[in-house]
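What follows is a single structure, and I will ask about it in a moment.
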Amino acid sequence: MSLLLRVGIGYDSHRFGEGGPMRLGGIDIPSDRHCAGHSDGDAICHAVTDALLGAAGLGDIGEMFPDTDAANKGKDSVVMLEAAVSRLHAAGWRVGNVDITVITQQPKIGPHRAAMRDRLATVLGVNSTEVFVKGKTNEGLGWIGREEGLGVIATATILAIGSSTL
């Protein structure tokens, strides 16, 4: 008998660049900095994409959208996440829930949590109660504490399409 539920973990980090806004969780946060990257730098979408793909055994974001491909330069990370969700569905899986921890000194996540949850829930095809975004600081330690960038850890559960419970 095959498993009806799987779990995946995703991680991403980006250094900060000058100029805003900062794109996180599919929304723009007013800021004088942004997450530098080959795409739009949305570390939340990147970590969630990897968590989902990993749970389903479908590779990772770097395989789907290599940074060596010029077509991915500046790409909207929500589009990447939507593609991962489509791949998940094609393989017989659906999103169960997603739990996200953003490790950063700035920006503060709390004021933007509801908008991120709503945006991500729409993209993932789940209720907003199935998406949670937490913000944590690094207590001033290391590169995150020095406000050089941020890190994101995401955990996702996926369920076999057609299953409602375990």
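Cβ coordinates come from backbone N, Cα and C, glycine included.
Pulled these from Swiss-Prot:
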BINDING   Asp12, Ser13, His14, His38, Ser39, Asp60, Ile61, Gly62, Phe65, Pro66, Asp67, Thr68, Asp69, Arg146  4-CDP-2-C-methyl-D-erythritol 2-phosphate binding site
BINDING   Asp12, His14, His46  divalent metal cation binding site
SITE      His38  site 'Transition state stabilizer'
SITE      Thr137  site 'Transition state stabilizer'
Calculate the distance in Å between the alpha carbons (Cα) of Thr137 (site 'Transition state stabilizer') and His14 (4-CDP-2-C-methyl-D-erythritol 2-phosphate binding site), and round it to a whole number.
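Taking the Cα atoms only, Thr137 (site 'Transition state stabilizer') lies 15 Å from His14 (4-CDP-2-C-methyl-D-erythritol 2-phosphate binding site).
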Can you give me the Cα-Cα distance between Asp12 (4-CDP-2-C-methyl-D-erythritol 2-phosphate binding site) and His46 (divalent metal cation binding site) in Å, rounded to a whole number?
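Given the Cα positions, Asp12 (4-CDP-2-C-methyl-D-erythritol 2-phosphate binding site) is 6 Å from His46 (divalent metal cation binding site).
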Cβ distance under 8 Å to Ile61 (4-CDP-2-C-methyl-D-erythritol 2-phosphate binding site), same chain, sequence separation 6 or more: which residues?
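Correct list: His46, Thr49, Asp50, Leu53, Met80, Ala84.
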I'd like to know which of the binding-site residues Asp12, Asp67, Asp69 has the most other Cβ atoms within 10 Å of its Cβ.
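By the 10 Å Cβ neighbour count, Asp12 comes out on top.
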Measure from the Cβ of His38 (site 'Transition state stabilizer') and count the other Cβ atoms within 10 Å, all protein chains considered.
15
Which are the residues of the chain, Asp12, His14, His46 excluded, whose CB is within 8 A of where the CB atoms of the divalent metal cation site average out, their centroid?
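Once Asp12, His14, His46 are set aside, the remaining close residues are Ser13, Cys35, Gly37, Gly41, Asp42, Ala43, Ile44, Cys45, Ala47, Val152.
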Could you list the residues of the same chain, at least six apart in sequence, whose Cβ is under 8 A from the Cβ of His14 (4-CDP-2-C-methyl-D-erythritol 2-phosphate binding site)?
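In sequence order, Cys35, Ala36, Gly37, Gly41, Ala43, Gly149, Leu150 meet the Cβ cut-off.
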Can you count the other CB atoms that lie within 10 A of the CB of Thr137 (site 'Transition state stabilizer')?
15
Around the Cβ of His46 (divalent metal cation binding site), how many other Cβ atoms lie within 10 Å? Please give the count over every shown protein chain.
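Other Cβ atoms found within 10 Å: 28.
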Please tell me which one of the binding-site residues listed here (Phe65, Asp67, Asp69) sits closest to His38 (site 'Transition state stabilizer'), measuring Cα to Cα?
Asp67
Give the number of CB atoms, excluding that of Phe65 (4-CDP-2-C-methyl-D-erythritol 2-phosphate binding site) itself, located within 10 Å of its CB.
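There are 20 such Cβ atoms around Phe65 (4-CDP-2-C-methyl-D-erythritol 2-phosphate binding site).
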As a test of the contact definition, list every same-chain residue at least 6 positions from Ser39 (4-CDP-2-C-methyl-D-erythritol 2-phosphate binding site) whose Cβ is closer than 8 Å to its Cβ.
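Result: His46, Phe65, Asp67, Asn72, Lys73, Gly74, Lys75, Asp76, Ser77, Met80.
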What three-state secondary structure does DSSP assign to Ile61 (4-CDP-2-C-methyl-D-erythritol 2-phosphate binding site)?
helix
